[in-house]
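Visitor: Mind looking over this structure? Questions follow.
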Amino acid sequence: MIADSQEDTPLPPLREDLNISPGAPLLNGAPSWVIHDPVRHRFFQIGQRSVEMISHWSAGSVARLSEDLLRKRALRVGAEEIQAVLQFLRLNDLLAESGRGIARRFTERAEKQRSTLLQWALHRYIFFRIPLVRPNGFLHATWPVVRPLFTRGFVILTAFVLLLALYLASRQLSGVLAHVQAAFTPTGAVTYAVALVFVKILHELGHGYQAVGRGLRVPVMGVAFLVMFPLLYTDLTDAWRLRKRRDRLLVNAAGIMVELTIAVYATLFWCFLPDGPARSAAFAIATISWFFSLLVNLNPLMRFDGYYLLADALGVHNLQPRSFGMGKWALRECLFGLGDPAPERLSRRMRVFMVLYSYATWIYRFFLFIAIALIVYTFFFKALGIILFCAEIAFFIASPIWREFKVWKDMRHRIARSRRSWLSFGIVAFLLLLLCIPFSTRIQAPAILDEARQQAIYTAVEARLEAVHVSEGQRVEAGQLLFAFEDPELPLEIEQARQRIALSKAQLQAIAGDEVARSRRTVVERQLEQQRETLQALQDRRAEMQVRAPHAGVVRDMMPMLQTGAWFGRQEFLARVIAPGNPVVRGYIREADLRRLDRHAGGEFIADALTTPSLSLDTLSIADYSVQRLPDSYLITANGGAIPVQQASGEPSGQQERERPRPKGVWYPVEARISPQGENRVPPLETVEEGVVVLHSQPEALATRFFRRVAQVLIRETEF
C-alpha cells in the first residue's frame with residue numbers, strides 16, 4: 001500500500017491501437033508478453049509483473065493501481081515499480097497523452113538529438129539505411145511456388161547432392177586452383193562482384209520467404225551502408241511474434257541455408273560444365289556462398305545472422321547490449337571491487353558466458369574498426385582520408401571508452417574508498433613506471449662472421465652455361481676461369497660484323513681510285529668506325545662470358561644445381577670467392593635502432609653455433625645508406641634469419657631465389673673488426689658463421705620508443 005503522505009500520481013491512458021500478445025519464455029523460463037506498436041511497427045518485450053500492471057492500468061493512478069493489484073491479483077507492487085513502468089511507456093510513446101504533453105516531449109527529444117551539419121554528415125557516413133522495396137505482397141504471392149524448396153525432403157536431397165559435389169570436386173583439385181588464380185584478374189573480380197550481389201539478393205529472399213511461411217509480415221527490404229559499404233537487409237521485426245524458439249531460429253537461419261544450398265548446387269554444376277563463362281560463374285557463386293555463409297554470416301561477434309542465431313539458441317534477447325552491461329559490471333568489480341549486484345540475475349554459467357562474449361566482441365570490433373579505418377584512409381585522398389579515419393576512431397573506439405570513463409567519474413567517491421581500487425591503481429602505476437623507465441641498453445643486429453676480402457660472382461650478360469670449372473671449397477688463383485658461358489648466336493654475329501668490316505674496307509679502296517665516288521668516302525669511313533665498335537662490343541661480350549676469379553681465394557656458396565645448358569639472366573648470383581685469414585663481422589641494423597646506438601662502445605658477436613666462442617668487436621663501421629638488396633642470403637627469414645624480405649610484384653619466386661633478396665623495412669649495413677685483445681681467437685672458418693651482434697646503446701624507455709614511432713607515422717602521413 002502506498003503511504004498516505006505520498007502524492008497519488010495520475011496514470012495517462014494507454015494507446016488504444018496497441019496489441020499485447022504472449023511471447024517466448026524468458027531465459028529463466030518465466031512467461032513474457034509482447035507489446036506491438038502498429039504505427040511504428042515496433043515490438044517491446046515485458047515480463048509477467050509488467051503485463052499485470054498494464055492490464056489494470058485503467059485504475060487511473062499509482063495508488064489505485066497498487067490497491068487493485070493487491071486486491072484482485074494478490075500482487076504487491078510498490079510505487080517505484082509502477083513509476084518505472086510508466087517511464088518505460090512514456091519513453092516509447094505508448095501512452096495516449098494530450099497534444100500539449102506530446103508536443104513538449106517531442107520538443108525535448110528534438111533538442112537532445114539536435115546536431116550540427118558536420119555531426120549529421122558523420123553519423124550518416126558511419127551508418128544509414130535506404131529502403132528499396134515493400135516485398136510483402138510479392139512474397140505472399142510467390143510463396144506457394146517456392147514452398148517445396150523449404151521442405152524436409154528438399155533438405156535431404158541437398159545433403160546427398162552435397163556429398164556428390166564434394167566427391168566430384170575433390171577429383172578436380174587442379175581445376176579448383178586454376179579458378180582461384182583466375183579470381184584475382186580484373187575479369188574474375190567483376191565475376192565475383194556480380195555473384196556476390198546475386199547471392200545476397202537470394203539470401204534476403206530466403207529470410208523473407210521463411211518469415212512469410214510462418215505468417216509474419218515483411219514490410220521492407222533495402223540496403224544499409226556501414227562506412228559506405230553496402231549491405232542488404234530485411235526487416236524481420238515481426239519475428240518477435242513467434243513464440244517457438246525453433247521458428248525464430250529457422251527465420252534467422254534462412255539466409256545462410258539459402259546460401260549453402262546455392263553453394264552445393266553451384267559446386268555440382270561446376271563439376272559438369274565445360275570451361276567457359278558459365279563454369280567460371282558457377283565457381284564464383286559457389287565460393288562466394290561458402291565463404292560468406294561460413295566465415296561472415298555465422299560470425300556471432302557482429303550483428304549478422306550468426307548473432308541472432310546465437311541469441312535465439314540461448315533464448316537471450318538483446319544479447320549484445322545485455323552482455324556489454326554484464327561485461328562492464330565484471331570489469332568494474334575486477335578493478336574496484338565495489339560489490340554492486342549484477343545487472344541481471346542469471347546462472348553462474350550464463351553470466352560467465354556473457355562476460356566472455358562481451359570481451360571477445362570488444363576485442364574483435366577493436367581490430368575490425370581499426371582495419372576499416374585504415375582501408376577508408378587509403379581509399380580516399382589524404383585530406384579527406386584523415387578526417388574519415390579520425391571520425392571512425394572517435395565514433396567506434398574512443399566514444400565507448402569515454403562513456404565508461406564518465407561512469408567511473410560519477411563513481412569516483414565510492415572508488416576512492418575501495419581497497420581493490422588502490423590495488424588496481426598500484427598495478428597500473430607500476431606497469432606505467434616500467435614502460436617509462438629507460439632500461440634497454442643493448443641492440444641486437446643479425447650478422448655473420450666471414451672473411452673480410454671476398455667477392456660475389458654474378459653473371460654479366462644473358463647467356464647459356466657451357467661449363468663449370470670449379471667446385472665448392474676449391475682454392476683458386478686470381479684470373480682463373482670459374483664458369484664458361486656461351487651464346488649460340490654470338491659467333492655468327494661476330495662473323496657477320498667482320499664481313500661488314502671487310503666490305504667497308506673494300507669500298508674505301510675502290511673509292512680511292514674513283515674521282516666521282518670520292519664524295520662518299522666520309523660516309524663509308526663513318527660506317528666502318530661503327531662496325532668496328534660493334535665488333536669490339538661483341539668480343540667484349542664473349543670475354544664477359546668467361547667468368548674468372550677476381551683474386552686468389554676459396555670458392556664458397558656456389559649456386560646449387562648449376563647445370564650446363566641452363567640459361568641465366570644478367571646479375572644472377574653464381575658463387576663467392578673468399579680470401580681466408582682475415583675474418584670480419586657483417587650485419588644489419590634497423591633504422592629505429594640507429595639513432596640510439598653508441599658508435600664508440602664496440603660490441604660482441606654471438607654465433608648461433610655453440611662451438612664458436614663469443615668475440616669482442618671494435619672499429620665499428622656503419623654505412624650512411626640503407627641496403628636495397630641483401631648481398632647475404634644467410635640472414636633472411638626464409639633461411640632462418642631475422643631479416644624479412646619481400647617479393648616484387650610480378651617477380652617469379654624462382655627468379656627471386658637466384659637474385660639478391662630485397663629486405664622489408666630500412667636496414668643499414670654494419671661492419672666490425674674483431675678486437676685483437678683478450679682471447680679473441682677465431683677458429684678456421686669452414687663456412688659462414690651466423691649469429692647476432694650485441695651493440696651498446698643509450699638507455700631508452702619503451703614508452704619513448706612507442707611515442708617516437710607514432711610521431712614518425714603522424715608526421716609522414718600528414719605531409720601533403
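The first residue you see is number 1, and the count goes up from there.
Cβ from N, Cα, C; glycine included.
Remember, predicted model here, so these are calculated numbers, not experimental data.
Taken from TrEMBL, the feature transmembrane segment applies to 149-169, 176-198, 218-237, 249-268, 280-298, 355-377, 383-402, 422-440. Annotation comment: TrEMBL describes 521-548 as coiled coil. The region 'Disordered' feature in TrEMBL is assigned to 644-664. Taken from TrEMBL, the feature compositional bias 'Polar residues' applies to 646-655.
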Visitor: Would you call the transmembrane segment (176-198) and the transmembrane segment (355-377) in contact, using three or more Cβ pairs under 8 Å, pairs 6 or more apart in sequence?
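Guide: Stretch pair does not touch.
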Visitor: Who are the long-range neighbours of the coiled coil (521-548) in its own chain, taking Cβ under 8 Å and residues 6 or more past its ends?
Guide: 457, 459-461, 463, 479-487, 490, 493-494, 497-498, 500-501, 504-505, 507-508, 511-512, 574
Visitor: Who are the chain neighbours of the transmembrane segment (280-298) in space, where the CB to CB distance is under 8 Å and they lie at least 6 residues beyond its ends?
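Guide: Here the qualifying positions are 176, 179-180, 182-183, 188, 191-192, 194-196, 198-200, 203, 255-256, 259-260, 262-263, 266-267, 269-270, 273, 304-306, 309.
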Visitor: If I take every residue in the coiled coil (521-548) and average their pLDDT values, what number comes out?
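Guide: Mean pLDDT, the coiled coil (521-548): 85.
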Visitor: Six or more residues beyond either end and a Cβ under 8 Å away: which residues meet both conditions relative to the transmembrane segment (218-237)?
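Guide: Beyond its ends, the transmembrane segment (218-237) has Cβ neighbours at 41-43, 125-136, 139, 200-201, 203-204, 207-208, 211-212, 251-252, 372, 376, 392.
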Visitor: Sort out the residues at least 6 away from either end of the transmembrane segment (149-169), same chain, that have Cβ-Cβ distances under 8 Å to it, and list them.
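Guide: Those are 176, 209-210, 213, 261, 264-265, 267-268, 270-271, in sequence order.
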